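Have a look at the structure below before the remarks.
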Amino acid sequence: MKKLNIIFAGTPDISAQVLKDLYKSQHNIQAVLTQPDRAKGRGKKVQFSPVKEVALANHTPVFQPLSFKKNPEVLEQIKQLKPDVIVVIAYGIIVPQEFLDIARYGCLNIHVSLLPKWRGAAPIQRAIQAGDTKTGICIMQMDAGLDTGDILNTLEIEIQETDTSQTLHDKFAKLSIKPLLETLEKIEIIKPEPQQGEPSYAHKITKQEGLIDFTKSAWQISCHIRAFTPWPGAYFILDDEAIKVGEFEILYQNTDNRKAGTIIDIDRSGFDIATSDKIIRFRQLQFPNKKMLNIVDILNGKDLDKYIGYKLG
């Protein structure tokens, strides 16, 4: 395999794992692009992005433009490196056409869906929310559009009925290096294929989307909860308080025409709520300003019997 000079652009954990794996290959990481440092937490302590941490540990130069309009000098610095290829995954900053044209083989984007399905910011969450049974990793030749570039390689992944956004994210982080290295190996001869099929868009997640609609089926609610785990978290409103849900199971029994959203039972087995077709049992709940707890531990400190028969929403 030919040794390539690579510029890497990414920011969060998934990008950092791919970068770690790329360092283990024979390719040369010339420089890394990542978002600027952020002040986080109560103490407003400045934190580096996960990608920056990996780059510094490997003594690689790091560029952190606020934007390429505000920091055009970064483009010139990258041009001087004369990279063979630029690899992008979850960078989070809009790149201009001038950036896309720098490298000999252009910019490769690692996108975690089977394009053109779920273009955009939240493909993992939207795939689970929609009840998709499969997803994948696409290595895409970046162009000026939103995830519209030609496909160079694909790895299909099954979505399990127990997958959450976190577990699927972790699978993508672990598996993304395989199709990337395959693509780099064949970069001189690989034939880009235009995206086929009807596109769909994975719009950015909002905190308010976590609210559970119990008029939906138990399966749809399962998809909703798993899609929004760990963030923003799925929840229901009880006495004007947002109660986040944790572990749950679907009880395969008829709800005897009890209205969706009705609290059927609360005991040490769980917190049972009727959906449009079945009962869903929550084994863990998180009350405001508290930790996520097993229902057994909650009942040791709270009397919830008064809510049996109560209809949510």
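Numbers run from 1 along the shown chain.
Cβ coordinates are placed from backbone N, Cα and C, and glycine is handled just like the others.
Annotated (6S)-5,6,7,8-tetrahydrofolate binding site per Swiss-Prot: S113, L114, L115, P116, in sequence order, evidence recorded as sequence analysis. In sequence order, K134, T135, G136, C138, T154, E156 constitute the residues six or more apart from L114 ((6S)-5,6,7,8-tetrahydrofolate binding site) in its chain with CB-CB distances below 8 Å.
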Residues within 8 Å of the S113, L114, L115, P116 Cβ centre (excluding the (6S)-5,6,7,8-tetrahydrofolate site residues themselves): H111, K117, W118, R119, P123, G136, C138, D147, Q195, G197, P199
